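The block underneath contains the structure these notes are about, expressed in structure tokens.
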Amino acid sequence: MYTPSYLKYSIISIISVLFLQGTHGDDGGWQGGHATFYGGEDASGTMGGACGYGNLYGQGYGTNTAALSTALFNNGLTCGACYEMKCNDDPRWCLGSTITVTATNFCPPNPGLSNDNGGWCNPPLQHFDLAEPAFLQIAQYRAGIVPVSFRRVPCMKKGGIRFTINGHSYFNLVLISNVGGAGDVHAVSIKGSKTQSWQAMSRNWGQNWQSNSYMNDQSLSFQVTTSDGRTLVSNDVAPSNWQFGQTYQGGQF
């Protein structure tokens, strides 16, 4: 079959562009930012935080955690997301290794300081305040602050999603943690065994989700949707005799 010469050149051009995009593209999703550290050598100062996870050791997050600047935190919706990160462009301090951290806290802006002199977390900077043990995996302590390349990666978690039920009757505050896949939860619905339909929960703060319905004395199911649009249903996670302050484990992405 005859193919016009101009069409041949067009096809070759398209193939060349696709090849280059496949080779380089957006550099695998890598973006540029900076990292500092906090929390002490045992990361005890990172416990709690704006995502609501509490004891990061007990919740399974360990010390590979980060507080995100305003530009990344998204008012708490990014809590639970995972980032692959490496120190770069500073051979004096960079160790050449790569780590994966989970977003567990917020690094607040400091408008009284300039962006390049202490106001590291000021908008629009993309900044990670790492737990000290995490920082020391990619850079030397004396560096203080280093340039990094980072990208979102799937979260690899052991066990199922955890639902910690706090609050009281007519105020169910559910902390959702240990979420795999995208990691950051953007929508949650709850259903009791005595109710007819799913009820959307509202995000109270961090990854604490709220329902004002009376859910006592019935088993509870949860529907969790992450930022990538995937939804997972965990049926009858909490038995009918569930108690406030207890944690129940569901399925996993």
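Note that Cβ sites are derived from N, Cα and C of the backbone, with glycine treated the same way.
Sequence annotations record features per position, and here Swiss-Prot assigns disulfide bond to C51-C79, C82-C155, C87-C94. The domain 'Expansin-like EG45' annotation in Swiss-Prot covers 48-160. Feature annotation from Swiss-Prot assigns domain 'Expansin-like CBD' to 170-250. Per Swiss-Prot, signal peptide is recorded for 1-25.
Structural mapping of features recorded in Swiss-Prot.
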residue	record	Cβ within 10 Å
C51	disulfide bond	29
C79	disulfide bond	30
C82	disulfide bond	24
C87	disulfide bond	25
C94	disulfide bond	18
C155	disulfide bond	21
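Annotated pair C51 (disulfide bond) and C155 (disulfide bond), C-alpha to C-alpha distance, rounded: 16 Å. When the Cα atoms are compared, C82 (disulfide bond) and C94 (disulfide bond) turn out to be 21 Å apart. Here the CA atom of C155 (disulfide bond) lies 24 Å from the CA atom of C94 (disulfide bond). Counting residues per DSSP class in helix, strand and coil order gives 14 helix, 35 strand, 64 coil for the domain 'Expansin-like EG45' (48-160).
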